[in-house]
Every structure is written in structure tokens, then in C-alpha cells.
Amino acid sequence: MLPIHCAVIKIGSNVVTSDSGQPDEARMKHLVGQVAILLRKGIQVLLVTSGAVAFGRQEIALQEKMNPVLKKQIWASAGQIALIQKYKNLFATNGYQVAQILVTKEDFRDRKHYLNMRNCILGLLSQGIIPILNENDTVAITELMFTDNDELASLTAAMVNADTLILMTNVDGVYDGPPSDPDSKLIPVIGHKMPELGSMISPTKSSFGRGGMLTKLTMARKSADLGIQVIIGNGKKDYILQGILEENVPFTYFEPKPSKQSQKKWLAHGEQYYKGEVVINDGAKSALASEKIISLLPIGIGSISGEFSKGDIIRIIGENGEKIGLGKSEYNSATALQVLGKKNQKPFIHYDYLYLFQHD
Ligand SMILES: Nc1ncnc2c1ncn2[C@@H]1O[C@H](COP(=O)(O)OP(=O)(O)O)[C@@H](O)[C@H]1O
Ligand SMILES: N[C@@H](CCC(=O)OP(=O)(O)O)C(=O)O
């Protein structure tokens, strides 16, 4: 039996739709029943679901020549209602309440948004209500977009300190070649020391998916590095969640590294979310690289760029531009400029909020 206490389960567009792109209500009903089994076993569950665009597309006919971004916004904003209503009804028949959370990348970048979102989700979980997340496709266009919902699911798992991330898609897991090739084999376990696997992923996506298997693999590895066990499995198969729990169906399992503190999990995902940058001198660089528990002090900082508030994520780079790590700033940018390079100041980034990139 796989040990699971708190799981983020991501359901891909192709799981909630049939091959023709129509919402697959029978599949959704079955999957909600499967989630209910986990809930009855005392497992906390958060859902990240795609499908808003697919639901909208089947309800609203739009002209072929219409701007594709606008089309997606219209379908997603209308389709989200039908999608969440479907989940609400299906969970209600199993005796559970749900809540809807629509987010953008910006909500993970801004510490206040992040904490508000986290408090709300933890509050929902404490009341036994199932949070159902999706990207807010109305506002999330171009640079505000997650790569896809696999990224949102991975960020969510780190945010709530989940021990498990389950990515449900329309294949059994990661294959060592194109899944359509009969010679390709499913990879049952991916350890964190396994070499680069990107070359075996073909750019094929399922007909309505956004990111493809490569984002799933990238996000799965990132989560596993943070101590979260990750499963990529086939959400189109009956009894799949029970099967994963009992380990009697095929799936790909990503072994978790020994866990890190949740603060550091938040920071590890911060590379795209930092608000400012500091260049540190060589003395500070070697101090941080040592085995000692060390905070980054203003005396070790040569220059600061960007406008940030206390609590925002800052990227740390070396004098030659090399990426060193990320941390939560104890100063706002104006105050940081005043203490820069000075002795006897409080840490700029406290050790507990400092995440250093691994260099092989
Ligand atoms: N090596 C591989 N192993 C498994 N799937 C792969 C591989 N290479 C490409 N794929 C494709 O990735 C697809 C799943 O990704 P995606 O379309 O984003 O699904 P979802 O909608 O579930 O997020 C599969 O349908 C499969 O065709
Ligand atoms: N927010 C979009 C989901 C886009 C997406 O990431 O899709 P997928 O690759 O199937 O997980 C929707 O609800 O349609």
C-alpha cells in the first residue's frame, strides 16, 4: 500500500473529455467516486482540474477566424461554470462539499497573494471541503500563464506541503519512447539520480492537452526533489486511484528525495517569481557554499536591482552572473539599498528562507 496522507490530484483535459472533445461525464463521475474512496480512508485531497476550455467549446460556437486567445478566454470563462458545477454535483452525491480556486502565476509570485491563497486552502481542508483549482484563463494569457496545469499542481503540492502529487493523464505513465510505438515500454520507477529523460519524450500532446509529457516530467522531477512522491497514471482507466493506492495497476513512480522544510519548497519554485536580484561578493558566495548554516548578510552584497517589498522572493547571483539561489528578503528594496555592504546589520535573507541551487 502506497503511504499517502495529503495528495494533490491533477486531472488533464483529456481525462475529463472523450476523444471527440465532448465532456466525459461518466469518467468524471467515476473519478469523483475514486477520490471519495481516498477521502473516506482519511487522505486529504486537493484537485487541480483542466477542462474549462473543453466544456466551453462544446457549449459556445465561435467563428473560426476569431482571435485564438479571445476564443480561449470566452470558452474558459463560460466553461468553468459547467466544469465546477459538474464536480459540485458529483461530490455532493458522495457527501462532500467543494470550493473553487482560480489562480494565475502572479498569485505564486506575490507573497501576500500566496499566503492568502494558502490560508484559504488550508482553511477549506480543515473543514473537510475539497479545494478544486484551475488556472484563471480569463486573465492568465501570455507571460501570466503557467506552462500548464501540471505546473500549477506541482506548485500547489509544494504550497500545502503535500506528500503526494498524482498527475492523471490519458497514458499509463512515462514510456521510454512514443507511447504509440508498440516497442515502447512503461518506466515504472524514476529515481532522482536517473539521467536526463527528455530525449525520449516526443512532442505529441493529447488532442486537448497544453504542455505534453515533457512538462509533466519536469514538474514531477521538481516535486520529487522537494520530497514529494509523484505518480503519473492513467485517469481514463477504471478504479485507477484505488489501483495506485494498492499498487496493482501500471504507473510511473518518481521517488522523493528526503524532504525539505515547506518554506524552502516555496522558494525552490521561485525562479520565475522573484521580484529583485542581488549580486553577492566571493566571500559571501563561499560562505553560502560551505556546510555551515549561514544567513546572507548585507555586508556580502555588492549590488541590488528591482523593486521589492519585505517578504518577496529575491534571486541571488555571483559576480560573474552565476545563479546561486533564491531567498525571502527581510528588507524592502529602499531599505536594502541603505544597508548594502554595511557591517552589523540584520540578515538580508535568513537561513530558514534561503534556497541554494544544487551544482553537480
Ligand atoms: N515518452 C512518453 N511517455 C508518455 N507519454 C508521452 C511520451 N511522449 C509524449 N507523450 C504524450 O504526452 C501526452 C500527455 O500529455 P498532455 O497532452 O499534456 O496530457 P494532459 O492533458 O493529461 O495534461 C500523452 O497523450 C502522450 O501522447
Ligand atoms: N485551464 C485550462 C487547462 C489547460 C491545461 O493545462 O490543460 P492540460 O495540459 O490538459 O492539463 C482549462 O481548464 O481548459
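Including glycine, each Cβ sits where the backbone N, Cα and C put it.
Nobody curates TrEMBL annotations by hand; they come from automatic prediction.
Record features, source TrEMBL:
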- K10: ATP binding site (BINDING)
- S50, D137, N149: substrate binding site (BINDING)
- 276-349: domain 'PUA' (DOMAIN)
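Counting every protein chain shown, the number of other Cβ atoms lying within 10 Å of the Cβ of S50 (substrate binding site) is 27. Filtering K10, S50, D137, N149 by Cβ distance to ligand 2 (under 6 A) retains the following binding-site residues: S50, D137, N149. In the three-state DSSP assignment, the secondary structure recorded for K10 (ATP binding site) is strand.
D137 (substrate binding site) carries neither a helix nor a strand DSSP state and counts as coil. Residue counts for the domain 'PUA' (276-349) under DSSP, split into helix (H, G, I), strand (E, B) and coil, are 18 helix, 23 strand, 33 coil. Each of the binding-site residues K10, D137, N149 was scored by how many other Cβ atoms lie within 10 Å of its Cβ, and the smallest score goes to D137. Largest Cα-Cα distance over the residues recorded as binding substrate, namely S50, D137, N149, equals 11 Å.
Here the Cα atom of N149 (substrate binding site) is found 7 Å from that of K10 (ATP binding site).
Across the fold, the C-alpha of S50 (substrate binding site) and the C-alpha of K10 (ATP binding site) stand 8 Å from each other. Across the domain 'PUA' (276-349), the prediction's mean pLDDT works out to 92.
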